[in-house]
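Student: Let me give you the structure first, and then I'll get to my questions.
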Amino acid sequence: ALGLGGLARPVGAQEALEPNSYEEITTYNNYYEFGTGKADPAKNAEALDTTDWQVTVDGLVDNPGTYPLAELIGGLAVEDRIYRLRCVEAWSMVVPWQGIELKDILDRAGVQSNARYVAFETAVQPENMPGVRRGVLDFPYVEGLRLDEAMHPLTIMATGLYDEPMPKQNGAPIRLVVPWKYGFKSIKSIVRISLVEEEPVTTWNSLAPSEYGFYANVNPTVDHPRWSQATERRIGGGLFSSRQDTLMYNGYDEVASLYEGMDLKAQF
Amino acid sequence: MARPLTTAQRINGMLRRVPAWPLYVLGAIWAGFLFWQALTGRLGVEPINALEREYGDTALKLLVAGLAVTPLMKYTRVSLLKFRRAIGLLCFFFVLAHFSVWALLDVQSFGRVWADILKRPYVTVGMIAFLGLIPLALTSNNWSVRRLGRNWRRLHQLVYGIAILGAVHYIWLAKGFQIEPLVYLGLILGLLATRIRWKSLLQQGRAAA
């Protein structure tokens, strides 16, 4: 685990996590472009066309452009990160990702001094995505981070898991992973990264602002209006698995300083 | 010479020979089969929510089936009346199973169950529908039908409201724009609309004008 030495959390903490099985991680997904059922992405995502993947980097950067994936991340350090994943729906798993710190990619793009947020966009391939054809959400799926969140060493752009290339249902070929936020922030199959001055529009937040905040930090004390966030169910425990307590920032306390002075109930 | 039987009469004649009790057996087998699937990982890696949904989904389907009996008779003369009690009771049992999985396996604490009922409108609505079904299930026997007389009918008309609550419960818990919950609401409203006596409503309207 390169680069983790700089974190306040001991390296041992991530080794102590027991990852979910490859099967669990790849058959229980939320990827509404491929359907709203948890098993739909595993069934339908094979159709995602990832050949000649390109990512547009634009906005307030020194080196805007549309880059082939190899050019975007080639030469940057790929790291193993075993992270907890906490879904806003109150379930969780542990995923052994491989990825690149987003900071490295942004540094290569050259972030200009007036940039304050990073906006992301998922691919839209109507012919390959049944959920897009059905209009489940207002596609393309968009997400965003504040710049300091994006530059945090825990934030990665994942390209694989279990040392396999990223499975399509998990957001091939490249996706965001922000382990202290609810899973919907970790946008999949990214085709655009924009550096912007204003807080970008994000999909779930714009659809139901009272249910999904822009920050979406994992927080057991702020309930979703339709369910409690105090506890979660770890995937893989079977029919009689018990709930476990949800941890503030999903256990990644080192990010707390990013939110000092913020009212986390109002800016949830 | 007797008139030839209509198709509906022939179907009704055949149905007369089919008893209703096997429906209870089928229902029990289906509930057990779903439980076994959940237990053995055949409902995916998160079986609790999956089982909860399967039971709820079956209950909604039975609700629709029960509401379809009267319109079916009205429009096709095919009578499934003798099966309606079994359909209704099975619906109740699947709602009970749905509730039990939610309370015992999903939420796992009485305090949280109670908090959810009070705090979350979709749970409140589901709970009201469940409670509403209890008197209907308790009076689904010949003794109660005789005992209650005309009131039995009135009591069991509660199911119209319960069905709408059931559909709303489903719509409310869905994320994004999903077709299936809306289909259930559409079916239920459609089946209820066949019960409205439009003619007398129109006449009342004219009389009022």
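One-based numbering along the chain as shown.
Placement of Cβ uses the backbone N, Cα and C atoms for every residue, glycine included.
Because the structure is a prediction, the values reported are computed rather than measured.
Pulled the feature table from TrEMBL, pasting it below:
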- B:66-166: domain 'Ferric oxidoreductase' (DOMAIN)
- B:21-39: transmembrane segment (TRANSMEM)
- B:59-75: transmembrane segment (TRANSMEM)
- B:87-105: transmembrane segment (TRANSMEM)
- B:125-143: transmembrane segment (TRANSMEM)
- B:155-173: transmembrane segment (TRANSMEM)
- B:179-196: transmembrane segment (TRANSMEM)
Student: For the transmembrane segment (B:21-39), could you work out the same-chain residues 6 or more beyond its ends whose Cβ comes under 8 Å from its Cβ atoms?
Tutor: 47-48, 50-51, 54-55, 58, 83, 86-87, 89-90, 93-94, 97
Student: Do you know the mean pLDDT across the domain 'Ferric oxidoreductase' (B:66-166)?
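Tutor: The average pLDDT of the model in the domain 'Ferric oxidoreductase' (B:66-166) works out to 96.
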Student: With DSSP helix as H/G/I and strand as E/B, how many residues of the domain 'Ferric oxidoreductase' (B:66-166) fall in helix, strand and coil?
Tutor: 89 helix, 0 strand, 12 coil
